[in-house]
There are 2 protein chains.
Amino acid sequence: MTIATRLAARDDTRLPARLARSRRAVAAGTGLRTEDFDAWLAGRAKAHRFTVERVPLEKIEGWSFAPDGGNLGHHSGRFFSVEGLHVVIDGHEWQQPIIVQPEVGILGILAKEFDGVLHFLMQAKMEPGNPHLLQLSPTVQATHSNYTGVHRGAHVRYLEYFTRAAHGRVLADVLQSEHGSWFLCKSNRNMIIETFDDVPPDDDFRWLTLGQIGELMRRDNVVNMDARSVLACAPTAPAEASAVRSDTEMLSWFTNERARHGVRSKRIPLTGVRDWVRTDDHIQHVDQRYFRVTGVSVEAGNREVTSWMQPLFEPVGLGLCAFLVRHFGGVPHLLVHARAEAGLLDTVELGPTVQCTPDNYVHLPVGDWPPFLEFVRRAGVDRIRYSAVHSDEGGRFLNAESRYLLVEADEADAGTEPPPGYAWVTPGQLNSLARHGHYLNMQARTLLAVVGLLNGLL
Amino acid sequence: MTIATRLAARDDTRLPARLARSRRAVAAGTGLRTEDFDAWLAGRAKAHRFTVERVPLEKIEGWSFAPDGGNLGHHSGRFFSVEGLHVVIDGHEWQQPIIVQPEVGILGILAKEFDGVLHFLMQAKMEPGNPHLLQLSPTVQATHSNYTGVHRGAHVRYLEYFTRAAHGRVLADVLQSEHGSWFLCKSNRNMIIETFDDVPPDDDFRWLTLGQIGELMRRDNVVNMDARSVLACAPTAPAEASAVRSDTEMLSWFTNERARHGVRSKRIPLTGVRDWVRTDDHIQHVDQRYFRVTGVSVEAGNREVTSWMQPLFEPVGLGLCAFLVRHFGGVPHLLVHARAEAGLLDTVELGPTVQCTPDNYVHLPVGDWPPFLEFVRRAGVDRIRYSAVHSDEGGRFLNAESRYLLVEADEADAGTEPPPGYAWVTPGQLNSLARHGHYLNMQARTLLAVVGLLNGLL
């Protein structure tokens with residue numbers, strides 16, 4: 001018996017053009033003009049009562065330090081815990097606190113065409129660690145605890161589009177890593193689902209075009225980390241026909257980078273972490289470097305639960321994440337860096353050219369700075385193709401801000417043959433890698449989203 | 001200053017046709033007619049003296065059980081160790097011995113065009129655990145210990161083609177997993193490098209076409225596991241335009257499979273492993289199931305070191321690895337199974353439809369067998385598109401044989417909508433996944449190599 005099964009085209013060849021059309025719609029979408037966005041967001045902030053107060057770690061309700069080893073965890077055993085990590089990367093050894101959350105969350109954006117233009121359902125969402133509390137977020141941002149109901153809160157809006165098969169058309173769906181320096185092997189499912197249903201947006205949600213979201217990414221601290229991560233997984237960059245390296249050569253370079261680095265991480269009790277101390281208020285490094293673990297108390301009107309306390313990681317200093325940009329044969333390329341990070345599942349992922357906290361280096365001789373940091377810091381304004389401050393996920397990180405830059409370079413600044421660990425790749429090549437996990441770190445994904453959503457940037 | 005940099009085409013569009021041409025050369029290549037292969041291999045066996053004898057684990061020279069915990073390791077601290085693993089997969093819990101070898105080896109095949117046809121430099125290589133000792137192997141099969149000289153043996157022939165950049169053209173280069181049931185997070189670099197040098201083959205090496213290697217894969221225990229793994233990474237399958245699922249839908253299905261399974265593995269001392277016992281000769285399961293750890297003494301004439309002893313894993317029973325095959329709209333599809341395995345780095349990889357040791361099930365009611373095992377066992381000869389026995393890597397496994405099958409199915413046997421955890425994908429889709437790590441397990445790669453190298457199989 002032969003069944004006539006209708007086959008699907010393997011490649012969705014129409015999608016890049018549809019995304020490009022959405023990117024060109026900068027001034028207005030179906031629901032909101034871009035110029036009215038600030039008033040809308042302010043309205044959402046006014047409609048809810050949000051307060052976040054610092055609380056000593058000892059006093060965060062529902063959380064406690066385990067008697068054996070001192071790991072900081074929730075009494076339910078769920079959400080996440082703060083534990084210790086012993087790290088050896090290429091012979092360099094240290095210990096640090098780390099967030100352990102061995103579950104896969106969903107970061108989902110719902111898409112829909114209006115008048116022939118793809119729109120994305122974005123949410124004004126409060127997270128306690130966000131610099132402005134309210135940021136533009138994916139349609140759904142659900143931890144496993146959220147969607148299995150551990151915290152006994154309200155139903156997560158629109159969640160069913162991301163958990164039920166055949167509820168729409170998948171535009172992207174990939175497990176991507178969280179920060180390798182702060183999370184132990186954490187990944188989230190980054191999804192974009194196109195719906196053909198009639199989906200009226202709730203008060204805290206609006207349908208926006210890629211062009212509108214791109215405009216908002218020009219501003220500081222508006223588009224949240226999860227939204228940037230998800231949008232980087234859509235094929236928004238042009239699929240260039242040629243590049244400095246073929247795709248196979250690029251993958252080979254990456255394979256060599258992954259093979260040549262050795263990362264050994266071992267969980268240890270939080271109490272025993274060397275060079276870190278616990279005060280009444282915080283866990284912090286003896287030199288007050290890197291980050292501290294602190295507590296907050298939250299009251300919110302539009303969250304699934306209206307009040308709670310929790311720990312947050314609070315970085316010390318403003319981060320810097322920059323891609324150097326060059327054109328070869330007219331094709332824009334970004335200089336990626338294969339970065340080994342303690343909490344990554346597989347040794348290295350590709351990060352921006354520069355990814356560091358400059359305050360950790362400015363007191364040192366320039367020769368001891370990370371490669372290209374000096375170039376980025378002294379780059380004139382005519383070299384800056386993009387500059388904005390964005391913060392990391394406000395559910396885990398407090399005021400974790402970094403300046404994101406795209407900086408035009410030339411042969412004298414960054415040669416055609418970059419140093420070991422660095423490679424020139426095109427945005428289209430990065431987009432092809434972003435279909436898969438384990439390739440692009442969170443910081444690279446933010447800048448890839450910037451490149452993909454802003455018109456005429458490179 | 002603008003530098004004129006010559007760009008490369010991102011896709012090597014000529015490669016699939018070149019591989020297809022090599023596949024069509026079945027009877028002869030530049031160096032050896034296929035019909036003369038057996039005589040050549042027999043000659044190589046005669047030219048060297050190989051003896052492998054079983055030795056009690058207690059008596060393998062250079063290896064010992066650590067006083068604390070009883071892990072079995074080499075006195076140098078290198079090569080590999082046998083340790084204990086506590087495993088929880090989706091709530092199912094057990095303990096077992098596991099091979100720990102946290103380093104990346106190189107499995108490399110050198111390619112070269114002769115008279116317009118790509119040939120691959122294959123080696124007649126002895127491994128102590130191989131059923132026939134000598135099998136057809138990649139050009140280079142080097143552990144990190146090999147190529148950094150830990151075992152003080154001879155230089156690895158042709159190694160320089162795989163360790164020096166720009167020594168040829170990369171056709172494939174990807175980190176692929178080893179067996180997830182026996183290795184803890186082990187991966188090797190699978191490489192195919194095309195050279196333009198004049199490379200006369202040594203006595204133990206011959207240039208063969210894909211068609212010749214395919215013919216040899218019809219036979220039992222001739223083409224070794226590493227060779228099959230590397231060849232699966234070349235784009236030998238046709239790039240079908242359509243499939244039951246688009247590539248994005250396939251990736252989404254895979255992402256869901258990876259997200260929905262929970263695998264927690266924790267290293268424990270070998271001494272404490274529940275349900276396993278250590279005798280003078282072996283470490284084995286109390287029911288004598290699964291595998292045992294045993295020792296061998298080796299004398300060899302063409303190895304880098306001429307004599308040594310080592311432990312090997314010896315599976316109990318003949319394995320069975322089978323893909324069900326169906327045509328949808330004229331396009332062949334294979335039924336993959338997303339398998340959670342204890343030692344995989346990231347939860348699940350795609351395996352064949354059936355991958356098990358039938359002896360572990362035949363005493364149970366058929367309802368308790370793994371899905372599709374009964375169908376495969378009762379499939380008539382008219383359904384069998386391919387059948388051969390291949391063994392696993394003889395440097396770690398002793399007589400670890402499995403029967404590999406491709407079995408034609410219809411709607412009644414295996415529906416268009418398969419059970420959860422199973423999906424119909426095309427060989428071309430599997431080939432596109434094989435460019436990346438973490439997708440295809442070793443067993444699936446063997447069958448993908450079969451599909452890619454044998455003419456007219458599906």
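The backbone N, Cα and C atoms fix where each Cβ goes, and this holds for glycine too.
According to TrEMBL, the features are:
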- B:Trp63, B:Thr143, B:His144, B:Ser145, B:Asn146, B:Tyr147, B:Asp226, B:Glu393, B:Gly394, B:Gly395, B:Arg396: dTDP-4-dehydro-6-deoxy-alpha-D-glucose 1 binding site (BINDING)
- B:Ser181, B:Trp276, B:Arg339, B:Gln355, B:Cys356, B:Thr357, B:Asn360, B:Tyr361: dTDP-4-dehydro-6-deoxy-alpha-D-glucose 2 binding site (BINDING)
- B:35-233: domain 'dTDP-4-dehydro-6-deoxy-alpha-D-glucopyranose 2,3-dehydratase' (DOMAIN)
- B:248-450: domain 'dTDP-4-dehydro-6-deoxy-alpha-D-glucopyranose 2,3-dehydratase' (DOMAIN)
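Overlay of TrEMBL annotations on the structure.
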residue: B:Trp63; record: dTDP-4-dehydro-6-deoxy-alpha-D-glucose 1 binding site; DSSP class: strand
residue: B:Asn146; record: dTDP-4-dehydro-6-deoxy-alpha-D-glucose 1 binding site; DSSP class: helix
residue: B:Trp276; record: dTDP-4-dehydro-6-deoxy-alpha-D-glucose 2 binding site; DSSP class: strand
residue: B:Gln355; record: dTDP-4-dehydro-6-deoxy-alpha-D-glucose 2 binding site; DSSP class: strand
residue: B:Asn360; record: dTDP-4-dehydro-6-deoxy-alpha-D-glucose 2 binding site; DSSP class: helix
residue: B:Gly394; record: dTDP-4-dehydro-6-deoxy-alpha-D-glucose 1 binding site; DSSP class: coil
Check the Cα-Cα distances from B:Trp276 (dTDP-4-dehydro-6-deoxy-alpha-D-glucose 2 binding site) to the binding-site residues B:Trp63, B:His144, B:Asn146, B:Asp226 and tell me which is shortest.
B:Trp63
Taking Cα atoms as reference points, which of the binding-site residues B:Ser181, B:Gln355, B:Cys356, B:Asn360, B:Tyr361 is nearest to B:His144 (dTDP-4-dehydro-6-deoxy-alpha-D-glucose 1 binding site)?
B:Ser181
Counting every protein chain present, what is the number of Cβ atoms, excluding its own, within 10 Å of the Cβ of B:Asn360 (dTDP-4-dehydro-6-deoxy-alpha-D-glucose 2 binding site)?
15
Rounded inter-Cα distance in Å - B:Tyr361 (dTDP-4-dehydro-6-deoxy-alpha-D-glucose 2 binding site), B:Gly394 (dTDP-4-dehydro-6-deoxy-alpha-D-glucose 1 binding site):
26
Which whole-number value in Å describes the distance between the Cα atoms of B:Cys356 (dTDP-4-dehydro-6-deoxy-alpha-D-glucose 2 binding site) and B:Arg396 (dTDP-4-dehydro-6-deoxy-alpha-D-glucose 1 binding site)?
19
To the nearest Å, how far is the Cα of B:Arg396 (dTDP-4-dehydro-6-deoxy-alpha-D-glucose 1 binding site) from the Cα of B:Ser181 (dTDP-4-dehydro-6-deoxy-alpha-D-glucose 2 binding site)?
13
Looking at the binding-site residues B:Trp63, B:Trp276, B:Tyr361, which one has the fewest other Cβ atoms within 10 Å of its own Cβ?
B:Tyr361
Site extent for dTDP-4-dehydro-6-deoxy-alpha-D-glucose 1, whole Å (max Cα pair distance, B:Trp63, B:Thr143, B:His144, B:Ser145, B:Asn146, B:Tyr147, B:Asp226, B:Glu393, B:Gly394, B:Gly395, B:Arg396):
25
B:Asn146, B:Ser181, B:Gln355, B:Thr357: which of these binding-site residues has the highest Cβ count within 10 Å of its own Cβ?
B:Gln355
Around the Cβ of B:Gly394 (dTDP-4-dehydro-6-deoxy-alpha-D-glucose 1 binding site), how many other Cβ atoms lie within 10 Å? Please give the count over every shown protein chain.
27
If one looks at the chain holding B:Asp226 (dTDP-4-dehydro-6-deoxy-alpha-D-glucose 1 binding site), which residues at least 6 apart in sequence have a CB under 8 angstroms from its CB?
B:Leu107, B:Ser137, B:Pro138, B:Gln141, B:Asn188, B:Glu393
B:Ser181 (dTDP-4-dehydro-6-deoxy-alpha-D-glucose 2 binding site): secondary structure state under DSSP, collapsed to three categories:
coil
